[in-house]
């Protein structure tokens with residue numbers, strides 16, 4: 001049976017017994033006399049026990065009794081200590097003594113004692129001092145809620161133990177410092193031994209790893225070096241951790257209890273304010289709204305408790321007045337209820353009113369919390385629906401946009417493809433028509449040449465017949481002449497010799513004529529074939545071509561003066577060049593630690609020695625180099641040289657420059673130069689490519705800047721092998 005049920009049962013029994021009691025005057029007088037005969041200590045004990053049950057504050061749940069003593073003892077402190085009401089309170093305490101001996105109520109008192117609210121129970125053992133101390137503690141509160149220390153279960157003994165732990169921790173820390181000061185040799189010996197062994201292991205491992213890495217391929221070594229650097233860092237961290245653990249027993253553990261207790265106390269003091277210091281992020285907005293509403297509900301409950309306390313004070317004053325009137329009436333000889341019956345009646349009324357108020361407060365609180373939760377759920381559901389609608393709308397818009405972009409892209413690509421196809425088809429048709437015309441002309445010329453070649457034997461035969469027809473007539477005329485003429489004739493042998501010589505001359509002449517006609521035909525045919533793209537050369541032409549090629553090669557392969565040649569007096573202004581790209585390949589290392597890297601300076605681009613790898617590389621696809629020429633000239637062209645694809649290990653030259661610009665400067669200190677031209681290097685073309693300036697009138701310059709805008713796709717660096725500048729001297 002609960003406490004409320006027992007009290008109601010007791011009150012009903014008292015009411016039934018009160019009908020047969022004696023007169024109120026005698027009972028009141030007797031009871032008052034009995035009470036005033038008690039000792040002061042007994043009176044205070046009964047008052048403390050009665051104040052514990054006077055007016056419990058309204059609370060939710062089973063913890064409502066833990067805050068009872070504040071309201072009861074504050075009322076007693078303000079109104080009832082030393083008043084006639086103490087007599088009535090003593091009687092009610094006698095009626096409720098059997099309730100305090102029950103296990104349920106004693107368990108509740110133990111819980112209150114742990115929270116710092118069981119002052120009345122401790123007063124039974126300590127007397128007046130404990131009771132006054134409990135009254136002072138509860139009267140100092142302002143809201144009916146216990147402090148954070150009371151809720152956490154802190155007592156004076158706990159504070160004393162934490163202070164002793166702090167003092168012991170400080171003493172152990174001082175002893176550790178004193179040990180370090182008085183005995184430093186041991187500490188430094190351990191530290192030196194640990195550093196020496198660690199360094200020996202580190203250098204040995206680095207040497208072995210260096211040998212292992214250098215015997216592997218380049219890519220494998222790079223990946224392995226990265227992994228080993230990471231492993232070395234991990235080893236260093238492990239060594240530091242081991243060192244900290246090694247020195248841990250020497251005194252670091254003395255600081256742990258003090259730090260832990262201080263941190264726990266700090267966290268317990270800061271715990272109620274955590275929700276106020278959090279950032280109002282989107283993720284915790286709902287939780288913060290619930291917390292704020294719960295706190296507002298707590299403030300309302302505090303206000304309601306204050307109102308209930310004030311009403312209870314008013315009811316107590318009115319009850320006191322009623323008792324005084326009743327006592328006066330009893331002394332006057334009138335017949336009325338006894339004092340005990342009146343007290344039982346009033347206490348039953350107060351308990352019923354208290355139960356009603358608690359039930360109403362519980363219902364109102366539950367209804368209010370349910371309304372708040374329903375509102376929060378509705379808001380959360382509405383926010384979720386709005387967010388889902390927005391997401392769906394955004395996804396639909398993005399899908400529509402993507403579909404529109406796809407259709408636009410398809411239409412644009414189809415139109416562009418059709419336009420390019422039509423243009424390409426027209427160009428091919430025009431080229432085909434021109435080729436047909438040229439082929440027809442070539443066929444006609446070939447037929448005419450064939451006809452001329454076919455007529456050559458007939459011409460030779462006609463010439464021979466003409467000679468044979470003319471020779472007998474000459475002989476006949478010579479033989480029929482006079483003797484004087486015959487005396488000048490040669491002998492037969494001489495005549496045969498003359499005839500043989502004449503025949504040789506005729507054959508030589510005919511051969512020359514045939515060769516001349518053949519050369520003319522071959523020359524005309526070669527010109528025609530050269531126009532059509534078919535090259536047919538003779539041995540003489542081959543010799544001439546080879547001779548010209550060798551001469552061009554001896555003339556620096558382009559046959560133009562290079563005013564940017566370093567051996568001719570040109571130089572690179574290194575302070576106005578891009579940063580050189582480091583290859584990260586160490587030529588000199590110690591225990592795997594690189595000490596010196598090899599890298600080419602910008603001077604390489606002014607030197608004629610060109611072979612793979614002997615170039616100047618700068619970081620990224622963009623860079624520049626400023627060159628002072630050997631003389632002031634009027635620039636006409638520039639030449640850019642790169643290694644061919646056939647000499648590249650990967651058969652690609654993605655590090656070659658693509659788009660570049662040439663600027664001219666009047667002096668070294670000039671910040672911005674004059675743009676002379678913008679060109680593009682073709683990676684599929686010749687290794688040496690010359691670019692001519694289009695300006696008709698060019699000023700004279702002695703400082704030229706080569707500015708690389710893009711390369712052919714290498715993301716890390718760009719290479720320049722040789723740069724030349726051509727022009728006319730200013731004088």
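For all residues, glycine too, the Cβ spot is worked out from N, Cα and C.
123 is the residue among 48, 123, 161, 384 that Swiss-Prot labels phosphoserine. Residue-level annotations in Swiss-Prot identify, among 132, 147, 398, 571, 147 as phosphoserine. When the ranges 206-226, 227-247, 248-268, 269-289 are checked against Swiss-Prot, the one recorded as transmembrane segment is 227-247. If you draw a 10 Å sphere around the CB of residue 650 (N-linked glycosylation site), it holds 7 other CB atoms from the protein chains shown.
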